[in-house]
Amino acid sequence: MVSALARKALRDLGRLRSQAIAIALVVASGVATLVMSQSTWRSLELTRARFYADYAFADMWAAVKRAPETLAARLAAIDGVQAVETRLVAPATLRVPGFADPVRAVVQSLPVAGAPVLDRLYLRRGRLPAPNARDEAVLSDAFADAHRYRPGDRIQAIVHGRSQWFRVVGVASSPEYVYQIRPGSAFPDFKRFAILWTSRRGLEAALDMDGAFNTVALRLRPGVPAAAVAQRVDALLARYGGIGAYARDEQLSHRYLESELRQLAVMALLFPAIFLGVSAFLLNVVLTRLVGAQRGQVAVLKAVGYTDVDVARHYLGIVALIAAGGALLGVAGGAWLGHWMAGVYRDFFRFPFLDYRVGADVVASGLGVSLGATFAGTLQAVFGAMRLPPAEAMRPPAPERYRALLAERLGLQRWFAPTTRMILRQLERHPFKALLTVVGLALGCSIMMVGRFQNDAIDYLTQVEFYVGQHYDIAVDFTEPTARAALFELGALPGVTAVEPYRAVGVRLRHRARSYRTAIEGLPANGRLRTPMDVALRPVALPPDGLLLDAYLARMLGVRVGDVVDVDVLEGRRRTLLLRVAGTVDEYLGARAYMRLDTLDRALGDGALVSGAWLGAEPARQGAVMDALERRPRVAGMGERMASLRSFLDTMAESILVFTLVTLLLGGLINFGVVYNTARIALSERSRELATMRVLGFTEREVGAVLLGELGLLVLAAVPLGFAAGALLCWGMATAMQSDLMRIPVHFTSGTYAIAALATLAAAALSAAAVYRRVARLDLLAVLKAQE
Amino acid sequence: MSTGSPELVFRARGLTKVYRMGEVEVHALRGVDLDLHGGELVVLLGPSGSGKSTLLNILGGLDVPTAGQVWYHGEDLTAAGARALTRFRRTHVGFVFQFYNLIPSLTARENVALVTDIAEAPMTPEEALALVGLGERLDHFPAQLSGGEQQRVAIARAVAKRPAVLLCDEPTGALDSPTGVRVLEVIERVNAELGTTTVVITHNADIARMAHRVLRMADGRIASSEANPTRTPARELSW
């Protein structure tokens, strides 16, 4: 049996249904973003944990120039080390028929006997190479998918300058390469980067590494501090050209995954907070109005013996129904969106499985948080109803006091028509309500800014990193530091118009207790093809002495210009240098240091060497230049500047578009909800006034203008505030998401402002139109008969 | 102006109005015939539910009859659309309501200006307020005025556009007797000085003494129509 009071709640809700639906949609948006990001985040976390555990992701790795296999036993004997696996890893170039761009690859050996113990492969198709089959290889799945390679296909690789044909026997992913990105690259490029796992014996022969290894992976006993083990590993490997052991936190794939998960966590917090905040505000407005209009009913309820708590429960029940309706819709929508998003991540991260699941706890938190937020938002109105003494509730509320506007007191009244004054005084009479409306609209507008922010940021970042700061056509990496003479050879290739060398050396920078492993890039003093820049995009001249640090790196190390950092060189003579920080540069990708090439050479003390070169090439002959480069054994690989970028943008385009549309929709929902509710309430509060105007001979349009003009002003005020809020929001997101891998530039195009403004206005106009239709239906007769 | 001016302002024939209130049909008007002449002050008497307000609303273009016709200066109002009725009200009709219906956020002057701004040849708000004896309280908001003062502002607002017709629905219904008399004096003055055809609805028979003509309504019909041989000035009324 439904109680009478419950019936009243249901009927009130029925009467408020269009407003209730608008609010429920905003609640739904909040819960949807919460469920989507929480469930995706958790699913990824769980999937990663399971993949790492099941496929024995190593805890530490170390690269070395050439170490005898016998060292493996000594590494295994280090206290805290549980397992050791040595490998050969080498850069390679692949040739893909019908695909003109060079494909860079990492060739990695599998153990001589049996499957790997650490970083085991997940075979999607096929099998592992037979132990002695030197021409069999397993191909990384992202690349295989991008080019449709299947077991049985053959693939040509240039390893160490020698062409070699492999038979693909399997397609796999590995916990080591969940994020399949080429070392040194900013974006993954599945078409131009591959990992090739092949037999140890074959690779030993190709690299002249019989009985030696150049990489080792280690598993540590649980709870063993990595730093202590790393020190022992480094000590053992130092004389064989070790460049420093690193743990998971410096492992490329893991770091990208980690930073991506952190971004999701930020999103999981930020978006739902905004939506639920707006819902709370909307419900507050609606419920305050409802309680105000039902003062008499509240009085009667109390007069016949309902308690204050009954009354509170009654109104909270209405709120709960709206919030729960929205939350259920949001859970469904969030699960759907999460499923889509998990699909995007599946394309990006090569997990063998990605169990997308919306956990009961996520659903519960969605429901709980939405109920909590909406209750919190409506407490004021509910307390108001509880506090109403029955007798007072029977009387109409005291009439509102208006006064002349500030502008009028200043003598500007002749500029305002009475209708304008009605609008302005209404605003001045309820400044707080107006402010909340503006804030709500601004939040909607800001969410739309966030939607385009990703797009703008990537555009700007690529502009800066690839157009402003880089002017080369082809980047060439040598297999190892090489004498400068090699540059003449490059410069002599037909079609090459410019050659500039660079030297990259692995280092660990230390300042007080902080340290960071990175590379110092030595660039020619007056280089043109690659120029580090400051925040205003001005090229920063390389100082004759000392280091240029990326500003983010400087902050990480806690150093300022003029400070001295300790530099442990991880290659060659492995010197420890003291270098002064001569300046900072602002880059969005990576956290590197720069030096003048000759200064770096002097500091390293091993002669004038280069790690590679930037080439300028005639556009028509780039292909020929690359063909020529490929045949040189010392060339580890090369890349066209733009190719990876294009491919990355293609990969991202769809998901960015969807994300933009979703945020436009969500922001639009907020704005629709805010304008619709505000207008409906204004209409009901002022219907008497507006009907009077209609009776006096004002047209629907004129009356509509008085009702909606106020909202129009608020919308106009909200747009610039929305721009500011959006910028702040994006800045907050960018700050929360920044890492040594990437800083996201906060930079908006005028198109973003235009879209956010237009979409805000459109959502407002749409809801205003919905309310405007009701102006036509104002009951002119009833309103004149009744006293307020 | 004297009674029986030849100029016919309103002519109504066979006005019928049926409301549906849920399951019940309410016959508010059952075939009303009526002529109103220029400059006439007509008092419409009758108990609640007799159809007074419905008739007034139809004359003022707020409502349309279910059957029958009304002409205003020969123009058929029953054939006019909503837009035309709005124009009709805007140009020709002044309304005074029982509960004043002032805009709370506008001062007395501005409430009048609200109308003068959209009228063709209005008086100034100051003139209109002087006419109702409120020249001193121009810048007061409704909440700062007494009931009688508010009603006089409403009358000023109604007459400021120099309407051809002034329709007053229980203008004194919410006021005490002395205040009501002052309001009626204003209505009388407007009728006399501006020659506005005026209809005053009331259920107070005393007020009928100030009219040129008294119509009594009962059960949706006009039961009687009597010209007042001698009119009593409003200031001499009391109840």
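Note: Cβ is positioned from N, Cα and C throughout, glycine not excepted.
What TrEMBL lists as domain 'MacB-like periplasmic core' is A:21-235.
According to TrEMBL, the feature domain 'ABC3 transporter permease C-terminal' maps to A:270-387 (among others).
Under the heading domain 'ABC3 transporter permease C-terminal', TrEMBL lists A:664-779 (among others).
Per TrEMBL, the feature transmembrane segment maps to A:20-41 (among others).
Proximity of distant same-chain residues to the transmembrane segment (A:264-287), defined by a Cβ-Cβ separation under 8 Å and at least 6 residues beyond the stretch ends, is recorded for 16, 19-20, 22-23, 26-27, 29-31, 33-34, 37-38, 40-41, 44, 315, 318-319, 322-323, 326, 369-370, 373-374, 376-378, 380-382, 433, 436, 439-440, 443-444, 446-447, 666, 670, 673-674, 677-678, 681, 729, 732-733, 736-737. The transmembrane segment annotation in TrEMBL covers A:264-287 (among others).
Summarising the annotation, TrEMBL assigns transmembrane segment to A:315-342 (among others). For the transmembrane segment (A:315-342), same-chain residues at least 6 beyond its ends with a Cβ under 8 Å from one of its own Cβ atoms are 6, 9, 12-13, 16, 20, 23-37, 39-40, 43-44, 279, 283, 287, 290-291, 354, 356, 358, 363, 366-367, 370-371, 373-375, 378, 381-382, 385, 658, 662.
Look at TrEMBL and you will find A:362-385 (among others) tagged as transmembrane segment.
The transmembrane segment annotation in TrEMBL covers A:432-453 (among others).
The feature transmembrane segment is assigned by TrEMBL to A:656-679 (among others).
The feature transmembrane segment is assigned by TrEMBL to A:711-734 (among others).
According to TrEMBL, the feature transmembrane segment maps to A:754-772 (among others).
Beyond its flanks by at least six residues, the transmembrane segment (A:362-385) meets 27, 30-31, 34-35, 38-39, 42, 272, 276-277, 279-284, 287-288, 290-291, 294, 298, 311-312, 315-316, 319-320, 322-324, 326-328, 330-331, 334 of its own chain at Cβ-Cβ distances under 8 Å.
In the domain 'ABC3 transporter permease C-terminal' (A:664-779), helix, strand and coil residues by DSSP number 97 helix, 1 strand, 18 coil. Assigned with DSSP, the residues of the domain 'ABC3 transporter permease C-terminal' (A:270-387) fall into helix, strand and coil as follows: 102 helix, 1 strand, 15 coil. Long-range neighbours of the transmembrane segment (A:432-453) within the same chain, counting only residues 6 or more positions beyond its ends whose Cβ lies under 8 Å from a Cβ of the stretch, are 271, 274, 277-278, 281-282, 284-285, 659-664, 666-671, 674-675, 678, 710-711, 714-715, 717-719, 721-730, 733, 746, 748-749, 751-753, 755-757, 759-760, 763-764. For the transmembrane segment (A:20-41), same-chain residues at least 6 beyond its ends with a Cβ under 8 Å from one of its own Cβ atoms are 13, 261, 264-265, 267-268, 271-276, 278-279, 282-283, 286, 321-323, 325-327, 329-331, 333-335, 337-338, 341-342, 345, 356-359, 362-363, 365-367, 369-370, 373-374, 666, 669-670, 672-673, 676-677, 767.
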